[in-house]
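Trainee: Sharing the feature lines straight out of Swiss-Prot:
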- HIS83, HIS182: heme b b562 binding site (BINDING)
- HIS97, HIS196: heme b b566 binding site (BINDING)
- HIS201: ubiquinone binding site (BINDING)
- 33-53: transmembrane segment (TRANSMEM)
- 77-98: transmembrane segment (TRANSMEM)
- 113-133: transmembrane segment (TRANSMEM)
- 178-198: transmembrane segment (TRANSMEM)
- 226-246: transmembrane segment (TRANSMEM)
- 288-308: transmembrane segment (TRANSMEM)
- 320-340: transmembrane segment (TRANSMEM)
- 347-367: transmembrane segment (TRANSMEM)
Amino acid sequence: MTNVQKTHPLMKIVNNAFIDLPAPSNISSWWNFGSLLGICLVLQILTGLFLAMHYTSDTTTAFSSVTHICRDVNYGWIIRYMHANGASMFFICLFMHVGRGLYYGSYIFLETWNIGVVLLFTTMATAFMGYVLPWGQMSFWGATVITNLLSAIPYIGTNLVEWIWGGFSVDKATLTRFFAFHFILPFIIAAITMVHLLFLHETGSNNPTGISSDMDKIPFHPYYTIKDILGALLLILVLMLLVLFAPDLLGDPDNYAPANPLNTPLTIKPEWYFLFAYAILRSIPNKLGGVLALVLSILILVLMPLLHTSKQRSMMFRPISQCLFWILVADLLTLTWIGGQPVEHPYIIIGQLASIMYFLLILVLMPTASTIGNNLLEW
């Protein structure tokens, strides 16, 4: 009798990717975040689909349609808050996933890493457009401020912004197109994720030691399927704690006021997961300079393979690099805090120092520490 699992064209793909996949025997819980991101994506697509059934992308009715979802639709409130807080969980998993890649040298897999950076940018674009849809005060002003940054591009900037707006300000046309893009992008993300996995399965997973694990592989199922299920349960636990006990903890109170172009909020800020980049943007007094720093703060990830000077792949046995890595994490937390503060003393100078530190750590200090580590081991 033939094994359908190994002969059927579709089942064969599933089998080779999730069942009989040879995986390193020593990958830790830091390797759980890939599957958690997949779960987050599916959850966001499903909750988003049900929200889209009741949402209207018109400036006059968008805000009230979200209110209608929360008040009148059966379990609409839980779908709405699962979607909003699901985005936060998505980004927590994303940051952990990228951090794991940086710490253990996963960026040596060039194709997988670069596709991952593309995924990060796409997810950030999707989340930004999603934040505009409820058409609250922070939605409107966030959209105005962030899209306006494109006007810093020489020659074509102003035309580009008006083209994206579909007029001379953020208005009905902007909201409609943002809804269209916000709906389609998660499916594009899912497609790019398939390519991400395709490239990963060409090389196999990295592991904490950073050395080849070809001589010590175990099947993905049941060992890592059960481990991923545990991770998924913990993710859903944290998400439901947020949704049911503190649904507005990570949101902005200003977004409960309908968008008003005549009234500017005291501090305009994006969602918490963009605050680190927003702080870097604000720390530079020049508009174009700020925009470049903002883009580079994420795009710098592409340079990681070039900045890898160590003879070892992972940071597991590199204490100096480890210290700098955790300083970088602390620096990003500082930037996140600063991004949510008003532009005044002492926040301005703290933000500027943290921004300088961010680029200094990645571009100078960490490669230098790796070289020192090589010399200490007389390599």
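A Cβ is built for glycine as well, from the same backbone N, Cα and C atoms used for every other residue.
Context for these features, please: burial, neighbours, distances.
Mentor: Within 10 Å of the C-beta atom of HIS182 (heme b b562 binding site) sit 21 other C-beta atoms, taking all shown protein chains into account. Secondary structure at HIS182 (heme b b562 binding site), taken from DSSP and collapsed to helix, strand or coil, is helix.
Mapped onto three states, the DSSP output places HIS97 (heme b b566 binding site) in helix.
With a cut-off of 8 Å between CB atoms and residues at least 6 apart in sequence, the same chain places ASN16, ALA17, LEU21 near HIS201 (ubiquinone binding site), listed in sequence order.
With a cut-off of 8 Å between Cβ atoms, the residues of this chain six or more beyond the transmembrane segment (33-53) that come close are 69, 79-80, 82-83, 86-87, 89-90, 93-94, 96-97, 100, 182-183, 186-187, 189-190, 193, 228, 231-232, 235.
If one looks beyond the transmembrane segment (77-98) by at least 6 residues along the same chain, the residues whose Cβ comes under 8 Å of a Cβ in the stretch are 30, 33-34, 36-37, 40-41, 43-44, 47-48, 50-51, 66, 69-71, 116, 120, 123, 127, 130, 235, 238-239, 242-244, 247, 250-251, 271-273, 301.
For the transmembrane segment (113-133), the residues of the chain that approach it from at least six positions outside its boundaries are 55, 57, 62, 66, 87, 90-91, 94, 97-98, 101, 106-107, 139-140, 142-143, 146, 174-175, 178-179, 181-182, 185-186, 188-189, 192-193, 195-196, 199, 270-271, 273-274, 298-299, 301-302, 304-305, judged by C-beta separation under 8 angstroms.
If you look at the transmembrane segment (178-198), the same-chain residues 6 or more away from its ends with a CB under 8 A from one of its CBs are 17, 37-38, 41, 44-45, 48, 52, 55, 57, 112, 115-116, 118-119, 122-123, 125-126, 129-130, 132-133, 143.
Counting same-chain residues at least six beyond the ends of the transmembrane segment (226-246), those with a Cβ under 8 angstroms from any Cβ of the stretch are 29, 32-33, 35-36, 39-40, 78, 81-82, 85-86, 88-89, 93.
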Trainee: What else in the chain is close to the transmembrane segment (347-367), if you only count residues 6 or more beyond its ends and a Cβ gap under 8 Å?
Mentor: 279-280, 282-284, 293, 296-297, 300, 303-304, 307-309, 321, 324-325, 327-328, 331-332, 334-335, 338-339, 341
Trainee: Counting across all protein chains shown, how many other Cβ atoms sit within 10 Å of the Cβ of HIS83 (heme b b562 binding site)?
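Mentor: There are 21 of them.
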Trainee: Let me spell it out: take the transmembrane segment (288-308), skip the flanking residues so only those 6+ beyond its ends count, and list any with a Cβ under 8 Å from a Cβ in it.
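Mentor: Distant Cβ neighbours of the transmembrane segment (288-308) are 98, 102, 105, 107-108, 110, 113-114, 117, 120-121, 124, 149-150, 152-154, 276-278, 280-282, 355, 358-359, 362-363, 366-367, 370.
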Trainee: Counting across all protein chains present, how many other Cβ atoms fall within 10 Å of the Cβ of HIS97 (heme b b566 binding site)?
Mentor: 20
Trainee: Does HIS196 (heme b b566 binding site) have same-chain partners at least 6 apart in sequence with Cβ under 8 Å from its own Cβ, and which are they?
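Mentor: Sequence-distant Cβ neighbours: THR112, ILE115, GLY116, LEU119.
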Trainee: Tell me the Cα distance separating HIS83 (heme b b562 binding site) from HIS97 (heme b b566 binding site), rounded to the nearest angstrom.
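Mentor: Each residue's Cα considered, HIS97 (heme b b566 binding site) and HIS83 (heme b b562 binding site) end up 20 Å apart.
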